[in-house]
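Q: My structure is below; once you've seen it, I'll send some questions.
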Amino acid sequence: MEKASGRKSLALSTAENGIENAGLELTEEGINSEQTRRMEVQGHSLSDDVRPATHQRSYLQPLTKARTFCQRHASLFKKILLGLLCLAYAAYFLAACILDFQRALALFVITCLVILVLLLHFLKKFLGKKLTRCLKPFKNSQLRLWIKRVFAGVSLVGLILWLALDTAQRPEQLISFAGICMFVLILFACSKHHSAVSWRTVFWGLGLQFVFGLLVIRTDPGFIAFQWLGDQVQIFLAYTVAGSSFVLGDTLVNDVFAFQSLPIIIFFGCVMSILYYLGLVQWVVQKIAWFLQVTMRTTATETLAVAGNIFVGMTEAPLLIRPYLADLTLSEIHAVMTSGFATISGTVLGAFISFGIDASSLISASVMGAPCALALSKLVYPEEEESKFKSKEGVKLPRGKESNVLEAASNGATDAIALVANVAANLVAFLAVLAFINAALSWLGELVDIQGLTFQVICSYILRPMVYMMGVEWTDCPMVAEMVGIKFFTNEFVAYQQLSQYKKKRLSGMEEWIDGQKQWISVRAEVITTFSLCGFANLSSIGITLGGLTSMVPHRKSDLSKVVIRALFTGSCVSFISACVAGILYVPRGAETDCVSFLSTSFTNRSYETYVCCRELFQNTYLNGTNPPSFSGAWEDKAFSAMALANCCGFYNNTVCA
């Protein structure tokens, strides 16, 4: 009884005082002294352990409350931080523009683009449903039909009037227009199903190409914008020298082609991989694809692949729609292949720019080729099957699989090595084969007393009429025809390298004709040639395309083989029609050189301006036997005309220099 009472007293005492009571006293007589000492020791031990924990909780209590407050108002803090960052950027942006607007032009353009994208996003988010309700009356089928007819009629009349007024000043542009008609008729004659051609798709594609070319080539704002964009791309690609010079040395980078141009492919591949990881490439591709799909009424998959070919190569673009390749119709496969042959990739674009090819023309040709490729592919191989991808919802593009930006950059650079090796190997092989073919043809020609027979000469004769229909002057046609033939039978790298050599000769002030041989082509011919060569349509690309697509869908190898030749031919014609559009729209740009002022000063180096001005002076100079020569036009009564003539005769040979 006493023991039970003692246990009860112990339990009550412990419960009432708690384990934090360090002076716990056990008064029950039933508990011996040893148990008492053990309990005292335990009580002191527990008290020593618990007191610091209690103080720690009291110290952490304000931090806990602060963390809870931050979590509760996280969205508010994010908005405040974002607002402060925007204010700081606005201050920096205004300061940069006020100090030197020309220097801050790139920042201004980027800022405007970001603001435009954000405005479109918020308009769609907050006003999208209202705009849809406002446009609901236009869903009436009869109203839409009348709108289409009026739009088509106005467009046709406007085109006819514009051509009539514009070609009155430059009749040679009509040749390029006739070239477009010629290529369209040839492609229609080669069509797989003539009765199934959707002319709406064809005319929309050609119309979009023409409108974009009009904005970029003819209008001053568009031309200046793309010229500026091309300059920025060149400046950006110049940073490749920092890496390649460190690894390879300045001497190799400056003097050797392989170390000068090929590292740009690695740098550009790295940048494209980063942009793909961030989702920027997918976003731009989807917007372009949506626009083409809505206007041209093509399916989601083929349109997405066509839009992707503006930025990536003919083997990378099908990866965007890889899960859907197995279900594509033959017409859709043909469209995917055609777009690959008709455009170039972003990485190769950088290499061509490093050759000295005009960057704005290359960018314009790539973008203009997308709607034209889609249109002509539907002309040559119209749709007769039922596609599974007619929905306007489109196809979702995945983000990059890399875990961070550094991995994306590393993978992009590593993947570009294979492309660099492929380009270098092809250049070595094709140039060697071309040299052998030329030697063999020259030997065969000499057997029958035909001197100088080469592959380029044969191409210059066979392709000369076609090149003339693009709008190239007849005197430039042999050289342009050579490059077109080289591009188709070898590859575009060799052709663009040849074009860059002609351009360098012109800019260096070399005489146009030497011993009856033309040394360079006109600026107009350079632009048309740049457009006509912009694409992967060559014989070697057949194997690359078939190999890439067959690895993705092996069971459709026979279908791929059926349409690849048609796609190659169609892709070539896309580039030729783009060249015709450039021939229609091209006008000389830049202020003409004031030759009187230019030659009034002493000059020691030859340039294109030197050649043009000296040629003008030669044309206005007349020999008077033993008397000093006389001058006409702007050179008449100029005291320095004789000195300028002497300077020009020091650089160029002419009959008036005798």
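Any Cβ shown, glycine's included, is placed from N, Cα and C.
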Q: Is it the case that Swiss-Prot assigns Gln71 and Pro629 to the same side of the membrane?
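A: Going by Swiss-Prot, Gln71 and Pro629 are on opposing faces of the membrane.
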Q: Considering the residues Asn538, Asn653, which is the one that Swiss-Prot annotates as N-linked glycosylation site?
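A: Record says Asn653.
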Q: My understanding is the cutoff is Cβ-Cβ under 8 Å with a sequence separation of 6 or more in the same chain; which residues meet that for Asn653 (N-linked glycosylation site)?
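A: The answer is Glu511.
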Q: The topological domain 'Extracellular' (218-256): which same-chain residues, six or more beyond its ends, come within Cβ distance under 8 Å?
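A: Answer is 105-106, 109, 263-264, 266-268, 349-350, 353-354, 358-364, 585, 587, 589.
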Q: Have the transmembrane segment (453-474) and the transmembrane segment (143-162) got at least three CB pairs under 8 Å, pairs 6 or more apart in sequence?
A: no
Q: Would you list the DSSP helix, strand and coil counts for the residues of the topological domain 'Extracellular' (382-418)?
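A: Taking the topological domain 'Extracellular' (382-418) as a whole: 14 helix, 0 strand, 23 coil.
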Q: Tally of helix, strand and coil residues over the topological domain 'Cytoplasmic' (356-361) according to DSSP?
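A: Secondary-structure composition of the topological domain 'Cytoplasmic' (356-361): 3 helix, 0 strand, 3 coil.
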Q: Other than its close neighbours in sequence, what residues sit by the transmembrane segment (362-381), given a CB gap under 8 Å and a spacing of at least six beyond its ends?
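A: For the transmembrane segment (362-381), the nonlocal Cβ contacts are 184, 187-188, 190-193, 197-198, 201-206, 208-209, 212-213, 216-217, 226, 229-230, 233, 288, 292, 296, 298, 302-303, 306-307, 309-310, 330-331, 334-335, 338-339, 342-344, 349, 352-353, 530-531, 534-535, 563, 566-567, 569-571, 573-575, 577-578, 581-582.
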Q: Count, for each of 105-123, 174-190, 565-587, the Cβ pairs lying under 8 Å from the transmembrane segment (197-217), and report the range with the highest count.
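A: When the Cβ pairs under 8 Å are tallied, 565-587 comes out ahead.
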